[in-house]
Amino acid sequence: MCMDRAICGNFYYGGKFDYLEVIVSDGKIAGIKKDAGNVPKTNYDGAILPAATDIHVHFRTPGETEKEDFGSGSLSAIYGGTTYVMDMPNNRFPITDYNAFGDKLGSIDSTSFADFSLYSMETGKNAMLLDRRSIGLKVYLGGSTNSTGTEVIEEGDIRKINEMNYPVVFHGESERCLKTHQMEEKNLRDHNLARPIDCEIEAAKYVSGLDIKTKIMAHVSSPDVTGNFLREVTPHHLLLNDEMPLGSFGKVNPPLRDSRTQKRLLDDYISGKFDILSSDHAPHTEDDKREFEFAKSGIIGVETRVPLFLALAQKKIVPLDVLYRTAIENPPSIFGIKKGKIEIGYDADFMVIDFTSMKRINDNRLHSKFPVSPFNGMDAIFPSHVIMRGNVVIDRYEDISDPMGVFIPKPQKE
């Protein structure tokens, strides 16, 4: 058993910063006090928040590790204050049964710097074959990277999903709608027109009608996409638009929208109308992005997600509590994982922030295998220290640990 010790400083607790001494034992929070008494103490200057969770990453292991692997992807995560990631199942060989799930888990082995969970892909009729350790299921209603559209989920699968209490994340673009809008694409505006907001709205209507307990509409790109589900949004849809000179490095699914839609989306996020902020980190090689019409969709973002919004919070553009709720507290809570809160029994995962240390994002300082970021040059505040389960993994802006991330399976019903 590890000896108790205390992490001391100004913690974000109860919606405000307050000096606390948080006792850590065996990687978990064991006490929250003004004075922890006679235990070893580590004091941190700056602001201390619980570390973040990203429920939507594509680290490409196995099958496409020339683009990214769990080592490089998870290292990027912890540099950005994210100690827990959930990896999507659209690998080169999609994770559609328990054998594929086991192979993927085995290929990650001990390479992750962050704690992690894995999704399985629901094809509409394969729920009986899925690994019970899956943190949740992903349904691609419209085709995207390494996936084809699933237009209908069979009733038997819906019953099994609810029986197993799987949260289901939907790629919310209707395949039928996408097919009717296919066109030659030369730029971001064309990509927007080829995958219009109407395709998301059509998918949202279908998802709203599904009798599934926990439904999440992924990467919502327009404030008009609403319904009976939780809503996830990404930094790229909040901060970028199809009028920016990003070329194929701004090509994503769903597409970046026009500036008016983007600004309305950001206003909704600022107003607290979204549940989750995720990166949808989806790296590709430079060859994959070379020619717009044939370029693959996806950008990097796991390292910059939280730092971008810490900078916006410091500028009083985004309320800190909105960032806390959508990037830190809600994501693990929705999946039943005890992270993201300063509460006894929760993992001792923290990030230390110097709000006066604002920097511009520099591709050359990012840790993805292909660090070409559409946010290059934007203001960000990166954590000076990151602590995962009581262990310091980033110290004075540098990683100091070997990979120590652990696999977190879906909590089983008692």
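In case you wondered, yes, glycine gets a Cβ from its N, Cα and C as well.
Swiss-Prot lists Asp280 with the feature active site. Secondary structure at Asp280 (active site), as computed by DSSP, is coil.
Positions annotated as Zn(2+) 1 binding site by Swiss-Prot, on the basis of sequence analysis: His56, His58, Lys138, Asp280. In sequence order, Met88, Pro89, Asn90, Tyr119, Ser120, Met121, Glu122, Val168, Val169, Phe170, His171 are the residues of the chain that are 6 or more apart from Lys138 (Zn(2+) 1 binding site) and have a CB within less than 8 Å of its CB.
Here Swiss-Prot flags His58, Phe59, Arg60, Asn90, His284 as substrate binding site, drawing on sequence analysis.
Under the heading Zn(2+) 2 binding site, Swiss-Prot lists Lys138, His171, His219, citing sequence analysis as support. Secondary structure from DSSP puts His171 (Zn(2+) 2 binding site) in a beta strand.
Residues or ranges marked as N6-carboxylysine in Swiss-Prot: Lys138. Mapped onto three states, the DSSP output places Lys138 (Zn(2+) 1 binding site) in strand.
The Cβ neighbour count for Asn90 (substrate binding site), using a 10 Å radius over every protein chain in view, is 19.
Of all Cβ atoms in the shown protein chains, 28 besides its own fall within 10 Å of the Cβ of Asp280 (active site). Taking all protein chains in view, 31 other C-beta atoms sit within 10 angstroms of the C-beta of Phe59 (substrate binding site). Counting only the Cα atoms, the space from Arg60 (substrate binding site) to Asp280 (active site) is about 12 angstrom. DSSP assigns Arg60 (substrate binding site) to coil, not to a helix or a strand.
Of all the recorded positions given, namely His56, His58, Phe59, Asp280, His284, those whose Cα is no farther than the 10 Å limit from the Cα of His219 (Zn(2+) 2 binding site) are His56, Asp280. If you measure from the Cα atom of Phe59 (substrate binding site) to that of Asp280 (active site), you get 10 Å.
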